[in-house]
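Q: Take this structure, written in structure tokens, and hold onto it; I'll ask about it next.
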Ligand SMILES: Cc1cc2nc3c(=O)[nH]c(=O)nc-3n(C[C@H](O)[C@H](O)[C@H](O)COP(=O)(O)O)c2cc1C
């Protein structure tokens with residue numbers, strides 16, 4: 001779906017995660033706008049905790065090995081086809097943006113808020129990718145919490161990977177799963193219970 005120039009509320013109401021991605025990834029100019037959108041995310045204390053690691057081309061094969069090695073460490077008995085499936089995840093899009101929070105536990109701002117700021121940056125990326133007419137899927141899984149994966153990506157063990165964002169050209173459209181209604185999650189506050 002090509003949505004360039006769409007109204008912001010149409011973008012917010014219609015965005016969806018891609019189910020399948022193919023070439024091409026956004027080119028340099030679009031990527032510039034996508035990453036510029038990322039750093040416009042709200043950020044308590046202006047700590048700028050977000051970090052973005054771009055993985056494309058053949059580097060994806062090495063990233064796939066990282067995912068497979070991570071699975072092997074967690075499940076030493078994992079069969080070869082499970083390891084290959086894990087490795088193959090790295091090839092499901094032409095570009096992977098790893099979004100992480102470089103966490104500072106000594107800062108005045110709680111670490112949870114630093115991670116939330118990186119999460120907000122990740123969502124800005126998801127929206128900007130969609131607005132540029134491309135697709136993305138936000139994945140985590142156990143590898144996102146693996147210290148060896150973090151180290152290999154140049155992060156510290158105390159940092160948090162908030163998402164592996166797979167980015168490319170959406171080749172199938174939205175999932176048929178019905179969207180929830182906001183009415184299921186919203187209620188007016190009735191005030192504090194009287195003592
Ligand atoms: C922090 C985070 C981590 C996620 N990790 C995964 C994941 O590992 N695997 C997965 O299938 N979906 C994961 N999702 C959910 C999908 O990215 C997606 O949002 C969901 O399938 C709903 O689709 P929609 O975005 O089109 O509404 C994650 C979402 C968030 C916010």
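Here the Cβ of each residue, glycine as well, is placed from N, Cα and C on the backbone.
Pasting the relevant annotations from TrEMBL:
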{"type": "BINDING", "residues": "15, 16, 17, 40, 44, 138, 139, 140", "note": "FMN binding site"}
{"type": "DOMAIN", "residues": "14-168", "note": "domain 'Nitroreductase'"}
Q: Please name the residue among the binding-site residues 17, 140 whose C-beta has the most neighbouring C-beta atoms within 10 angstroms.
A: 17
Q: DSSP secondary structure for residue 16 (FMN binding site), reduced to helix/strand/coil, please.
A: coil
Q: Once the chains shown are all counted, how many other Cβ atoms turn up within 10 Å of the Cβ of residue 44 (FMN binding site)?
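A: Residue 44 (FMN binding site) is surrounded by 14 other Cβ atoms within 10 Å.
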Q: Might you list, by sequence position, any residue in that chain lying six or more from residue 139 (FMN binding site) with a Cβ less than 8 Å away from its Cβ?
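A: Set apart from residue 139 (FMN binding site) by at least 6 residues yet with Cβ under 8 Å, we have 89, 163, 164, 165, 166.
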Q: For the binding-site residues 15, 40, 44, 139, 140, which residues place their CB under 6 A from an atom of ligand 1?
A: 139, 140
Q: Cβ distance under 8 Å to residue 16 (FMN binding site), same chain, sequence separation 6 or more: which residues?
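A: Expected: 130, 174, 175.
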Q: Please find which two of 15, 16, 17, 40, 44, 138, 139, 140 have the most distant C-alpha atoms, given that the record lists them as binding FMN, and give only that distance in angstrom, rounded to a whole number.
A: 27
Q: Would you pick out, from the binding-site residues 15, 40, the residue whose Cβ has the largest number of other Cβ atoms within 10 Å?
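A: Top count of Cβ atoms within 10 Å goes to 15.
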Q: Starting from the Cβ of residue 138 (FMN binding site), draw a 10 Å sphere and report how many other Cβ atoms land inside it.
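A: Result for residue 138 (FMN binding site): 17 neighbouring Cβ atoms inside 10 Å.
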